[in-house]
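Record features, source TrEMBL:
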- B:95-309: domain 'ABC transmembrane type-1' (DOMAIN)
- B:1-21: region 'Disordered' (REGION)
- B:40-61: transmembrane segment (TRANSMEM)
- B:95-120: transmembrane segment (TRANSMEM)
- B:132-152: transmembrane segment (TRANSMEM)
- B:187-208: transmembrane segment (TRANSMEM)
- B:229-253: transmembrane segment (TRANSMEM)
- B:288-310: transmembrane segment (TRANSMEM)
Amino acid sequence: MKSRLVRASAITAAAALGLGLASCSAGGDAEGVTTISFLSWTGEEQMQPVLDAFAEDHPEVKLEVSYAPPVAEYIQTLQTRVLSGTAPDVFLIAAENKTNLIDAGAVVDLSDEPFMEGVQEFNLDTYGRDGAQYGLSLSSWAAGYAYNEEMLAEVGYDAIPETWDEFLELLQALEDAGHTPFLESVDQMPTTVSAMIGAKSSGMDPSLDEQIFSGASTFEDEWSDVLEQYDRLYTEGLVSSDVVALDGDQVRDEFANERVAIINAGPWIINAVTEANPELQFSFAPVPGIEGGKPFQAGAASPGYAINAKSDEAKQEAAKTFLTWLASPEGVELFNQQTNDVTVTESFTPEVNPIFEPMVAPIRDGQLYLPMISWQRDEDVLNVEAVAQMQRMIQGQIEPEDVAAALDAKLSD
Amino acid sequence: MTSQLATRPAPPAGSVSAKPVTRRRSVEGGWKQIALNRAFLLPAVVVFVFLFIIPLAQSLYWSLTDFTGYSTEANFVGLANYAAIMADPSMLAGLSFTLVFAVGSTLVTTLIAIPLAVQLNKAFAGRSFVRSLWFFPAVPSMAILGLVWGYILSPLPSGVFNTLLNDWFGIDAISWLSDNTLAQGSVILVGVWAQTGWHAVLYVAYLQSIPAEYYEVAKIDGASSRQQFFGITLPLLTPAIVISTFLLLTAGLKVYELPFTLTGGGPGFTTYTITQSIVVSGVGQGRYGLASALAVLFTIAVAVIGFSQLKVASAIGKRFS
C-alpha cells in the first residue's frame, strides 16, 4: 500500500514537472512571444543594460541569456553545447572556433541580411568564407606601443618614430639614459610581429596568407625577414630575453610604475595605468615599419554575433530581430557605452579615450592584422607553435628562419 | 567484533555435529548477504561505468578518428593520431617534463615532508599553529598559487625574490622563469611548497600511531636519534610513504594548472605538460581525435607507473613488516 502511494506520488510529480517544462518551452509561442537562447561573450554587468533596452523595444522576443567568460571557457562551453545539440540560438563566432563552426555547418549565412549593411567590410570578411558572412562583428580592437612621454622627451623624442631603424635608435638612447627602453610580453603572438606582418601583407595581392595557404609561398619566404628585424631587439641587447616569462599584466605594471619607457599595449591598459599612476603622461602609436613598409597595428575584428543553423525558423527570425536591433544606431551606441569598444558601423561614431585617439582611424579603416584571424586553417595549432618557437629564438636557441620553417612543418602536418 | 570471534569457544576436536549447522547458516545468510553487498556496490559501479569506462571507451574510439568536437561526424583514420603524437616535438617535450615533474616533486616532497613531520610531532609551544601554517599552502587552488608565484618569481628586477636578493645580498636579477632549467626547477619548487605541508600532516597521523614504548626500549638499549629514526620511525612509516608517494605521483602526472598559470608551458615547450597538451589540442584546436589518442596513451602510462609504484611499495612494505 505504502509503495503504491510512493509510486503514485512519484508519477504525479514527474507529470507535473513534465507539464511545467512543456509549458516553459511552448508557452512563449502561444502568447506571440518567441524565446531564444543567447550565450554572451560580454560579461553580465556590461551586457545586461543592452539586453534590457532590447527587451523594452522588442517584447515579442524573449532572450534567455547565459554567460561564459572568454576565451577558452567560452569556446569550450559553446563547443560542448554544439556537440550535444543544445547550442544557443545566438552565440559568438570567434577566431578560435570560426573554422570549426563553419565546417560543421553550425552557423547561418548572414550575407544578405540588411543588418550586415554599414558594418566595416574588414569585420564582415573576418568571419566569412567564400563570399559568405557568418558573424555580425560590431567592433574591432588594436594594439601598438604605449610610451611614456616624459622619458621620450628626456632623450629628445616627442613620439615613436615611423621606421624600425629609427625606433631601435630611440631604444638605444633610452638605454643610454638609464631607462629600460622596451618590454613586450611574448606569452602570445608579439604585437610587433603581428603589425609588421600586417604591414607587409597590406601591400600584397593576393594577401600574404592567401599565398602561403594556397601553397604559392611559405612562411619561411614571407616571415623570415620580419622575424630577423624583430630579433634585433634581442641580438642588439636592447631588450632582455626575460620577456619570454612575462605576461601582459606584468608588462603593464612595469609601465604604470615608470620602470620602462615603451611597451606593447592596447586600450585595455588605459584604466589600470591611469588608476595606478594618475600623473603618468602616456600615449599610443602604431608599430614602426621595417624598410619599405609602413607603421601598422596588430588587431582584429571582435567576435561576431552568429545564429545557430540548427534552430527552427521562428527562432532564427527572432534571432535576426535581435541582431538587427544590435546593429542599429541605438544598439551600437549602447554597446559602445557599456563596453568602450571601438565600434565600426557607419551609422554611429564611437567615443574613445583621447589617449587612444591615434589608433582609432586605423581601427575604423580596418587597417589591422592578427595572424590567428587571417590564417585559413589550423589557427591555434600554428599560433601555439609560433609563440613557443619565437620564445626559443629570443633565448638565442634557434634562428629566425627556424621559426618560420617550424610553421611550414606544422602547416604541412 | 573481532574479540567476540576470538573468544568464541572452539568446537570440540573431532566433533562433526557443528559443521553442517554452520554451513547451512552460512548459505542462508550468505546469499542474502551477497545480494545486499552487491546492492550497496551498485551505485559505485554505475558511477564507475558512466564516469570512467564509457568515457575511456569513447576516447579510445575517438582516438581512431578525426573527430573535431563540433560535429558528430568523424572519419576513421586508423593509428594516424598516434603517429602524429610520436612525431610532434611539443608532445614529446610535454611527456618529458610531466615525468620530470612527477618524479622530482614526489622525491623532494617526501624527503622534506618526513623530517618535517617528525619535528611537527614533537611537543612545542604553538604546535597546532605551526602545523596549520604548513598545511595552508594546500588549501588554495594550484591555479591561484601559480599566478601569485608568477609575481614572486618574476625574472624582472622588480620581482619579489629578485628584489629581496638584491636588497639583502646585492645579487643581480635571476631569470627564474625565463631560463629553461630554472623554469622547470621553479615549477617543481612551487609544487613541493604547496604539497609538503599536506603530506607532512599525513605522516604526523601515522607517527602518532607508533607506540612510544618502542622509542623507550630503543633509548634503554642506547640507540641514537638517528638509529631510532632509521630503525623504528622510517620502517613503521612505510604504509604512509606508500600512500603519500602514490598520491604525489598521480597528482604529478596529471599536473596542469600550476605550470599553465606559472609559465604557460614555456619558455618554448620547456614546462609543457601532457595534460596541457590534451586540453590545448582538444578544446583549443578542435583536434579531439589527437587529444583522445594522447589521453589513451597517457592513461596507459599512468596505469603502468601507478601499478609499478604500488608493486615496489608493496615489496618494500613486506621487507619492513
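Quick reminder: no glycine exception, Cβ is built from N, Cα and C everywhere.
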Candidate ranges B:40-61, B:95-120, B:132-152, B:187-208, B:229-253 - greatest C-beta contact count to the transmembrane segment (B:288-310) (under 8 angstroms): B:229-253
Per Cβ pairs under 8 Å, the stretch of B:40-61, B:95-120, B:187-208, B:229-253 packing most closely against the transmembrane segment (B:132-152): B:187-208
Same-chain residue ranges lying at least 6 outside the transmembrane segment (B:187-208) that approach it to Cβ under 8 Å: 100-101, 104-105, 108-110, 112-114, 116-118, 120-121, 131, 133-138, 142, 145-146, 149, 153, 233, 236-237, 239-240, 243-244, 247-248, 251-252, 255, 258-259, 262-263, 271
Residue numbers, six or more beyond the limits of the transmembrane segment (B:229-253), whose CB comes under 8 Å of its CB atoms: 98-99, 101-103, 105-106, 109-110, 113-114, 118, 191, 195, 199, 202-203, 205-207, 210, 214-215, 218, 223, 274, 298, 301-302, 305-306, 309-310, 313-314, 316-317, 320-321
